[in-house]
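Listed features, source TrEMBL:
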TRANSMEM  B:12-32  transmembrane segment
REPEAT    B:89-130  repeat 'WD'
REPEAT    B:179-220  repeat 'WD'
REPEAT    B:221-264  repeat 'WD'
REPEAT    B:265-306  repeat 'WD'
REPEAT    B:316-350  repeat 'WD'
REPEAT    B:351-383  repeat 'WD'
Amino acid sequence: MSNNMAKIADARKTVEQLKLEVNIERMMVSKAAADLMAYCEAHAKEDPLVTPVPSSENPFREKKLFCVIL
Amino acid sequence: MSEWCICSVFALQKVSIIIVIFACVVCKYIIYLSEVQLNETLAHLKTESETLKSKLEEERAKLHDVELHQVAEKVEGLGQFVMKTRRTLKGHGNKVLCMDWCKDKRRIVSSSQDGKVIVWDAFTTNKEHAVTMPCTWVMACAYAPSGCAVACGGLDNKCSVYPLSLDKNENLAAKKKSVAMHTNYLSACSFTNSDMQILTSSGDGTCALWDVESGQLLQSFHGHAADVLCLDLAPSETGNTFVSGGCDKKANVWDMRSGQCIQSFETHESDINSVRYYPSGDAFASGSDDATCRLYDLRADREVAIYSKESIIFGVSSVDFSLSGRLLFGGYNDYTINVWDVLKGTRVSILFGHENRVSTLRVSPDGTAFCTGSWDHTLRIWA
């Protein structure tokens, strides 16, 4: 009996959650995709992995020998 | 006289037995009826939830007017992609499970199966701090925004915060603070915008927000039907939400203040091992054991891209975006890293180097490099 009561409580929660999710506001994929693209284009210049920066500016690419004096 | 008494006593006994039997039968019938009613209510609720689910699918499909890669056809292709291992961090004695960058873009914290948590200087590959946790399988570690502390946890079901001191000889374990308590393993942790709050996810199916100073539970998030494996906080400009992924194949977006699940996505075919927000906060990517990475747009409320190839059959353990969001890096269980063009949906590059599965991957805060940790006991910095 209590098992059934617990199942019913769960089922009620799921139904309430689904009701919330069905009612949210949505946007067309074409608009959302356009926004994603716009963001990429706007920030492409600042992205060192997309527009390569000269090796001297990338601290990991610098060819330096590190002498670790113990 | 006595005969009459004996007869009446017997008769009374028989009648009372009959009454008791009748009462039992009536009780059982009432219980049966209420069970039937409960089952009916349950069945009714189940049909209602099925109807709502198909309505949700319908509403989502209405907006699906075009594919992302179609819209992206006019975008310029990416140039030649050359990335190599620039540093190898050796020092862990067993599988590296998790890592995180410090905001200073040079320090890294990593944790491994043998219980060790190490803080490295990625430029010089020197180890700055090392802590031994009292448990094995430290599956989660995170750097505090200030750079003054690290949080970690795993099979001990807790998340502990260690303040980092400048004195290298100081015993860090002495200052440890236990913050989070779950009833199963800790799978992921992350500081929010400050050192004061930590968000955790656990094998017990819940996520939780904790106050670091007092160890108090501020909010808990229930909704996953199985272990929660990963989480990521929205970029600070976009507000108080976070996304979590779990073994129930669902990725849920949560409101941190109310504890409510705002959106839920279930298109993966297996456990979701990693989730990461797109830099603008309007979308997030996920990596799963079904060997695919997927991009979900939060405003369109649906999956907008799948990154997969027939030749890739091993699961993705971790994903991260480059600074502009154009590239998606995925660490796979077949020891490789695949780099995807987020907009066009194509693979840009495949990187080799690790000798066992890649378990964790994070791009540095300034986007100049990314770091991977692997079951081959090493971490590699790629640039």
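Glycine is treated like the rest: Cβ placed from N, Cα and C.
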For the repeat 'WD' (B:89-130), how many residues does DSSP put in helix, in strand and in coil?
0 helix, 25 strand, 17 coil
Interface present between the repeat 'WD' (B:89-130) and the repeat 'WD' (B:351-383) (three or more C-beta pairs under 8 A):
yes
Please list the DSSP helix, strand and coil residue counts for the repeat 'WD' (B:265-306).
0 helix, 23 strand, 19 coil
Chain residues outside the repeat 'WD' (B:265-306) and at least six past its termini with a C-beta under 8 angstroms from it:
60, 63-64, 67-69, 229-235, 237-239, 243-247, 249-253, 312-321, 323-325, 328, 330-332, 340, 342, 345
